[in-house]
Amino acid sequence: MGYAKSAMLIFLLALVIASCATAMDMSVVSSNDNHHVTAGPGRRQGIFDAEATLMFESWMVKHGKVYDSVAEKERRLTIFEDNLRFITNRNAENLSYRLGLNRFADLSLHEYGEICHGADPRPPRNHVFMTSSNRYKTSDGDVLPKSVDWRNEGAVTEVKDQGLCRSCWAFSTVGAVEGLNKIVTGELVTLSEQDLINCNKENNGCGGGKVETAYEFIMNNGGLGTDNDYPYKALNGVCEGRLKEDNKNVMIDGYENLPANDEAALMKAVAHQPVTAVVDSSSREFQLYESGVFDGTCGTNLNHGVVVVGYGTENGRDYWIVKNSRGDTWGEAGYMKMARNIANPRGLCGIAMRASYPLKNSFSTDKVSVA
């Protein structure tokens with residue numbers, strides 16, 4: 001009888017482990033698979049905690065997470081479980097987008113903002129962003145493409161990762177310059193955010209900055225270095241060696257700001273070139289976004305620089321293609337489809353409030369067909 005009881009206990013334990021392992025495999029969310037966290041009706045708290053712990057261990061391995069102490073790991077697990085419940089509940093609502101356990105799943109919303117929000121919402125000293133150009137103002141005769149994706153035209157470099165440096169202002173500026181340089185010269189060159197972080201002293205490096213000030217620096221200081229000449233360190237550094245004779249710096253002639261709160265003008269601009277935008281990325285949905293057309297909670301407290309590299313429509317929902325700087329494990333391989341043509345003229349997350357674009361070699365709208 002003792003042997004029979006032991007065998008039965010071992011069998012039951014094996015069933016529990018197999019059940020938890022299956023739940024883990026079907027629940028870990030990534031941008032590279034088709035499995036999602038799903039709501040489990042009637043799930044008991046204890047079972048949820050057991051599954052969440054297994055998922056957390058798997059997630060740590062996937063994202064290379066190591067914590068300094070057992071106490072810190074427990075704290076991160078608690079945050080992870082809370083984010084998991086949030087994801088489970090939101091995904092059960094059958095929205096146009098999905099959330100997932102990305103690299104930020106062990107961060108509270110406040111912590112996420114502390115490391116990710118680097119766009120300075122204050123105007124530059126000369127208030128240049130208060131004036132805008134009518135270059136891309138729409139008119140009755142405009143016929144724009146139904147969809148645009150500058151990635152397909154080879155005008156977008158690979159997704160980059162700003163790391164723990166609050167340098168989104170540099171990444172968004174650089175992305176727009178890279179795109180325009182490809183359109184004008186035919187050559188896609190990966191440019192240097194570190195050049196701006198180290199040398200653009202009007203901005204604050206990893207402490208944040210303004211895209212307008214970054215454009216002005218590129219215009220007035222010999223262009224922008226390449227990533228090969230000035231590789232990214234995710235740290236503030238010393239400005240040196242940026243104007244060596246053998247450096248292949250990329251120049252721009254200037255930049256312009258789009259009319260504020262005008263998604264139609266933004267659409268016309270994006271039909272011609274990638275555009276820098278500053279958005280509010282401070283919602284939990286933005287933090288944990290995985291896929292689909294995002295129309296979730298979003299304010300207009302502008303704090304994060306991105307690049308708008310296209311637009312389109314999916315299942316009747318218009319969207320912007322937004323390139324982020326948080327690596328290719330966030331969102332759709334580093335991109336977000338953000339809802340377009342919403343009722344608010346500021347655009348979702350304020351995307352139409354503060355958008356700008358570089359100019360190069362007298363590039364103008366008549367050089368690109370929009371029909």
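Just so you know, the numbers here start at 1 and follow the chain as drawn.
Glycine is no exception: its Cβ is also placed from the backbone N, Cα and C atoms.
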With reference to Swiss-Prot, which of the candidate residues Cys165, Cys168, Cys239 participates in the disulphide bond with Cys206?
Cys165
Can you figure out which of Cys168, Cys199, Cys206, Cys239, Cys349 (the recorded positions) comes closest in space to His304 (active site), comparing Cα atoms?
Cys168
Anything within 10 Å of Asn324 (active site)? Look among the recorded positions Asn94, Cys199, Cys298, comparing CA atoms, and list what you find.
none
Spatial separation of Cys168 (active site) from Asn94 (N-linked glycosylation site) - C-alpha basis, Å:
31
Is it possible to get the count of other C-beta atoms within 10 angstroms of the C-beta of Cys239 (disulfide bond)?
15
